[in-house]
């Protein structure tokens, strides 16, 4: 018992929530700081898209290795290491859009380091959190992403204006180091005694299955170690896993495109200043924070009160979230005022976050013992969405700039928002048909 007599598992969930918050402050912060620096240096939209997408190449490379490392070494240690690495990179590398090679290497390193974070978190939560608390625990943890993005959008433009783009890197590094210290002092692996039903529920082990577990009895009364191999083939050909993968791809395509290009849309598409927009620019991400937690609470209520089965709950929330998000994204370029753009982007991102109570928690439903591995596979697809979406958006805008003589017309942005809009409709159908809430990996 620690911190106001909180059970240890609650402390772990709170710390993982703060970790995702800090990570997304870093991601939004780089987008804001680099956009200002690049515009001042006369960098074109296509080149900006290339730099902004570089992070996701590194991020994609470390997703599955991150799940494997968390499985073998322990999510707690891997999570700490990843934070230390990306914080040091932010602290040591200057922000200069003209030094392209250094900037690309730095963003690759930050991407690789942060790629270990979510597989590690899912491994940690699968160890610590019992099944009836998983929806709200995962939703709270992942909602830190959106609160971090909202805080970044609110405070960092002013920091850039007062202290310059480089100050954002130093602030992010300081936050990363502070969290690392808290995690090092407070986080532990869960003792078996805290979870007497661990074997049946698939959680509570100090490490998830490795090549050194579990034990089987021998005829003479002794015991020997039975190697437990990760069922890679079964994971990769599983239709429920692919339902998660498709929805993870779509979720992150929409999220990363909006996260990286909303500042440009506000400033060049709508001719608005981020500094003058005040707190309204944080509303899309703040909405995600609230809807993510609402989704988790609703999901746990529907399951624990037996209103719906786990499978129906996941499908219901995923479908509602993605369909409403689809409609909002398709409507976004129609609105030409700050209020309309904020409303549409807020509804789109908010309901996408609601949908996470469907596909995102589903990792633990179908594979609690291999949650980090499945999350690594799934998040690799989400990262590829970042690479494709962010870079392609830059190319689409560069072409639209030539065709429409600028980026101020709605036609310049229609394809940018229509692509994730239709992907949401397609993904919701795939999840509705192929997903399950039943445990399929022992």
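Using N, Cα and C of the backbone, Cβ positions are placed for all residues, glycine too.
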Of the residue ranges 6-25, 26-45, the one that TrEMBL records as transmembrane segment: 6-25
Residues flagged as transmembrane segment in TrEMBL, choosing from 217-238, 371-392: 371-392
Annotated stretch (transmembrane segment, per TrEMBL) among the listed ranges 137-156, 197-216: 137-156
Residue numbers, six or more beyond the limits of the transmembrane segment (412-434), whose CB comes under 8 Å of its CB atoms: 239-240, 242-244, 246-247, 249-251, 253-254, 257, 261, 265, 269, 314-315, 318-319, 322-323, 325-330, 332-333, 352, 355, 358-359, 389, 393, 396-397, 400-401, 403-404, 406
Segment-segment contact (the transmembrane segment (137-156); the transmembrane segment (316-334)) at 3 or more Cβ pairs under 8 Å: no
When counting Cβ pairs under 8 Å to the transmembrane segment (316-334), the leader among 6-25, 78-95, 101-125, 282-304, 371-392: 282-304
Same-chain residues near the transmembrane segment (101-125), Cβ under 8 Å, at least 6 residues beyond its ends: 12-13, 16, 19-20, 23, 26, 30, 51, 54-67, 69-71, 74-76, 78-79, 81-83, 85-86, 89-90, 93-95, 134, 137-138, 141, 187, 208, 363-364, 371-376, 379, 383
Range from 6-25, 241-262, 282-304, 371-392 with most C-beta pairs under 8 A to the transmembrane segment (168-187): 6-25
